[in-house]
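Just below is one structure, and these are the notes that go with it.
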Amino acid sequence: MPRTLEGQITMEKTPSYFVTKEAPKRIYNMSRDTKLIVVVRNPVTRAISDYTQTLSKNPTIPSFQALAFKNVSTGLIDTTWSAVRIGIYAKHLDNWLQYFPLSKFLFVSGERLVSDPAGEMGRVQDFLGLKRVVTDKHFYFNETKGFPCLKKPEGSSRPRCLGKSKGRPHPKIHGQVIQRLQEFYRPFNMKFYQMTGQDFGWD
């Protein structure tokens, strides 16, 4: 990390930190004062999105259903598949709470980040002890992408929207597959809600 002067905040973003077993200890050893922001979304949608991204890079991979289930007839979910495993948020948070208290975390709803970006960014700014400078006027909804975009300051270049890899249409997944995944995640989601004191409304 770069040196941070008094009055500065240094931020770094890597999606894999939350699910990497060694990360909490390493970050704790670097700085136990680190504040941690975790963006989470419905784990079923997250798994389908993960698959969609992989599919775009490698169109020959097996179907979502074939990867998600160890046994389709019994409905046994394959938790070794990373797209499924990443969404077991309670398990990952357990690992982090061995090093950091809950007060060091802010859990941002991926769904609310889309439906109310200014509201979620307000929570982020409060958590970091910053003035609320990012507000509604900084966002507009991009109908094509299905996501909000950040307006640039006046006289600046085009608005900042999520890259090409975001907002892709998802493949059609059979309703029974989605239902089975929802059932699989439900107890983990409930535990995560209890651990964080936040109901993300995924059920």
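Glycine is no exception: its Cβ is also placed from the backbone N, Cα and C atoms.
In TrEMBL, annotation is done automatically, which means it is predicted and not curated.
The following features are taken from TrEMBL:
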type     : residues                                             : note
BINDING  : Arg41, Ser49, Lys166, Gly167, Arg168, Pro169, His170 : 3'-phosphoadenylyl sulfate binding site
DISULFID : Cys149-Cys161                                        : disulfide bond
DOMAIN   : 30-186                                               : domain 'Sulfotransferase'
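Feature map: TrEMBL annotations on the structure.
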residue : record                                  : CB count, 10 Å
Arg41   : 3'-phosphoadenylyl sulfate binding site : 19
Ser49   : 3'-phosphoadenylyl sulfate binding site : 19
Cys149  : disulfide bond                          : 17
Cys161  : disulfide bond                          : 16
Arg168  : 3'-phosphoadenylyl sulfate binding site : 14
Pro169  : 3'-phosphoadenylyl sulfate binding site : 7
His170  : 3'-phosphoadenylyl sulfate binding site : 12
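With respect to their backbone Cα atoms, His170 (3'-phosphoadenylyl sulfate binding site) and Cys161 (disulfide bond) stand 19 Å from each other. Looking only at the domain 'Sulfotransferase' (30-186), the predicted model's pLDDT averages out at 90. The CA atom of Ser49 (3'-phosphoadenylyl sulfate binding site) is located 18 Å away from the CA atom of Cys161 (disulfide bond).
Note: the Cα of Cys149 (disulfide bond) and the Cα of Arg41 (3'-phosphoadenylyl sulfate binding site) are spaced 18 Å from each other.
Cα separation, Cys161 (disulfide bond) to Arg168 (3'-phosphoadenylyl sulfate binding site), rounded: 13 Å.
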